[in-house]
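Q: Below is a structure I'd like to ask you about.
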């Protein structure tokens, strides 16, 4: 142990208050003293007590066995906090993969819901319970009781009258699978979201979006039951009980919106922004890419009205409708505005026009993209997009000509979601680089 002498320090200024206490301890600096250097070689540690200055500037050392504790500066604390709050690239990839996985499950629900509707199974479950409805009938008595309950509703009386218990089990299982898959999506979203949030893997910008995703997911489930209820009532305007085409379009539309938002969020977590030279053509291409997404979404919603009204069965010819470009009953309802959403002929005609417009829009987008030097990833997205729109139009025509078979109709509905996904991917690749 060695002692430090007053010569080991120099005081740059003696700013003393009336009590004789130095206000600025930062003015004390260590001098290079040969004797100190020799003493440091003999001892491995130096315990320095608290020091105070008298009016004459003398340095005294008290409590030599007490260590001095230096607090980190404000700058050091800020930097440390910034480093601690930084999310690792691995965590971002995991969160992005989770969001894309949820997107895949939503896409599966859309397909399964379409098949459920095409097989006329959507009204087989006549009640809705969040927990109780998770357990299916297991005994013969339970199945018979469920079947007897179904017989009291209009769909059995007008559509499925005389079906056997085995046939009822099939349509009931289809609707049950659709509902349980929706519950599985809820678990797959909310449980990992809570875990990632607790781990600190959710960025500040992603947190409000997760709240939106969760709210839409809950809203989607409630809207599904609201849609089913419309088909359990006695039909007023038609002989066949069916769900409201307005509620069906809202149910499908909310699923598409949730899927699109979650897909964009997942891509933002996984894919890094591309560096693209700004130009007038690129600015126009961005606008056209977002416009194509809007027209694809609108066409898909038009398809929901076609499905809700069974409008695919009224004119099964192409390109004309019963040898006419514009059918005579296109404005058969009064008042006239009802034809847009309630006349099967008008609904099919509108869907044809929107489908053709979608094809022309995507083709024009592809031609415009050829004039812009795009990275390979963006080029792949727009090429897949123009190829898929051709497949989708072909599926739509075949579905119409073959009187809406289940396989083709389900593929056509899946194709609309695939085309929207490619349009989202391409628009995401063209997004502006954050400054």
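Cβ coordinates come from backbone N, Cα and C, glycine included.
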Q: Checking feature assignment: transmembrane segment per TrEMBL, candidates 288-309, 310-331. Which range matches?
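A: Going through 288-309, 310-331 one by one, TrEMBL flags 288-309 as transmembrane segment.
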Q: Under TrEMBL, the annotation transmembrane segment belongs to which of these stretches: 32-52, 53-73, 74-94, 95-115?
A: 95-115
Q: For the transmembrane segment (180-198), find every same-chain residue at least 6 residues outside the stretch whose CB is under 8 Å from a CB in it, and list them.
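A: Answer is 91, 94-95, 98, 101-102, 105-106, 108-109, 112, 134, 207, 210, 213-214, 217-218, 220-221, 224.
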Q: Hey, which of 95-115, 248-267, 351-368, 410-427 has the most Cβ-Cβ pairs under 8 Å against the transmembrane segment (288-309)?
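A: Maximum Cβ contact count belongs to 351-368.
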